Amino acid sequence: MTAQVQSLPSTFGLGVPVSVSPTRLNRHTTTTSTITGPTRGGQVLNINTLPHDNLSPTFKGFGLGLPSPPPELEDDDDAFPKIRSESVDNLIRSGILDAAIASAANEPDAEAAFFVADLGQIYRQHKRWQQCLPNVTPFYAVKANPDRVVLRLLAALGTGFDCASMNEINMVAELGVTPNRVIFANPCKPTSFVKHAARMGVDMTTFDNEDELYKISRAHPRAKLILRILTDDSKSLCRLGLKFGASLVAVPTLLAKAVELGLNVVGVSFHVGSGCYDSDAFADAIARAKKAFVMGQEAGYQFSLLDVGGGFESEHFEESATVLAKALETHFGDFTGQIIAEPGRFYVAEAFTLATNIIARRGPERSVLEQQEIDEEDDNDNPRVMYYLNDGIYSSFNCILFDHQIVSPFCLTVGKVLVDGSSTSLSAAQAPPLVTSSLWGPTCDSIDCVMARVKLPGGLQVGDWLGFRKMGAYTICAASSFNGFDRTKVVYTVGEELVAIESLLVPATAL
Ligand SMILES: *Cc1c(COP(=O)(O)O)cnc(C)c1O
């Protein structure tokens, strides 16, 4: 059996004969494959003798309630996935090597793209939240990434959940999360979903219009209602105010209607917009929420809940948290009720790294690109090479369309040689010149363009791998299987937080 030659990163000894067990990741191979062939520089690489200890994963379950599945269930979609403990980058490398082995064994979908999810990163985000906003209880917005392992970890960490639909409510209920840790935070719900929430004991729900009040008074009269007000969302990636939120002028009438219907309004919520890049938006929103609280008092309510919504970005989290905490001190300093938030993106965005395979290429011969000194002037920024990836706009990269993201790739392999991310060990063959290129998804639609213009090494070829970091929020959750392409699967690791997470996840009663 011959196959693509894999040179390995310097940590494994470049060009040294190595072997690797083909049973890593989720592949279901029972025999050890041998991959030999001439490497770059004429050496023969045999990945059959790679030191096993370096790469074989230590499988870790989550402790009580989260057992590793029995072997016969390993490939069963319903089984709880294995949780590994290697670093993200090592798992990506393992995945790439596995793909080479699977390809050599002619396995279907051998080169499939994959995510590596770092649960340790989610844990660190939670610690950050507790550190900066100790008095604000996070209710994770499930829509950002409803991955069941993520939900399970957050449930164990003790967060609440912001659910927007019947299925999201069911998902967290199945984890054993009690209904008082759930807010049904969709102001415009189907009547049947409101009835479902009532059946499930989920009482907290938002509203922003009169019709919703009539609906709730019929379908869930004992609900604890939270008035969603409109705030300035102009400094955010996704403006939610176009669709939701009652303006302050409408609040007194709405509250009067709630009183008339005998409904229990318990507080106020807002959302500054998803991906909020102006921390001051939180200060302005808190000031408006205070006004709504006063209107509540005038209507005869004693509000006990303030929900500051989502919108938190990891990049400016400390800044936003400081602004928010200060505004809370100013306007809600003597508030004795509960303060909650609905962060989504903040928890998951950075935890997921995507590895994609270049499945096709259109452009000049690589040797031409590699030899040619590309004159920046001549290059004119017009893409000279088109690369086709096995994930695109219809799948994980839907975030480009729906979430207004700009993604940026890094090379995992160049010329089929693993790039060691921690060093600058690119050989002459892999090194620049960088060539203006474009990246496309695998479907037959031309809207499926991941990047119209990006500088990439001219040595990239079909079979090489590109990585994308920070792909955890609003990606997998909205992916389709258009054109018959599967959604990208996830490999999980606790990364550097093994001990911390394990101790938190035992016992299961913590759920
Ligand atoms: C989407 C959404 C969130 C989460 O927003 P992020 O920007 O991801 O934090 C929270 N609350 C509601 C009501 C939402 O619609």
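Just so you know, glycine gets a Cβ as well, placed from its N, Cα and C.
Annotated in TrEMBL:
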ACT_SITE  C444  active site, proton donor
DOMAIN    119-349  domain 'Orn/DAP/Arg decarboxylase 2 N-terminal'
MOD_RES   K143  N6-(pyridoxal phosphate)lysine
For K143 (N6-(pyridoxal phosphate)lysine) and C444 (active site, proton donor), what Cα-Cα distance in Å is obtained after rounding to a whole number?
28
Given the recorded positions K143, C444, and counting only Cβ atoms in the protein chains shown, which has the most within 10 Å of its Cβ?
K143
DSSP three-state assignment for the residue listed as 'active site, proton donor'
coil
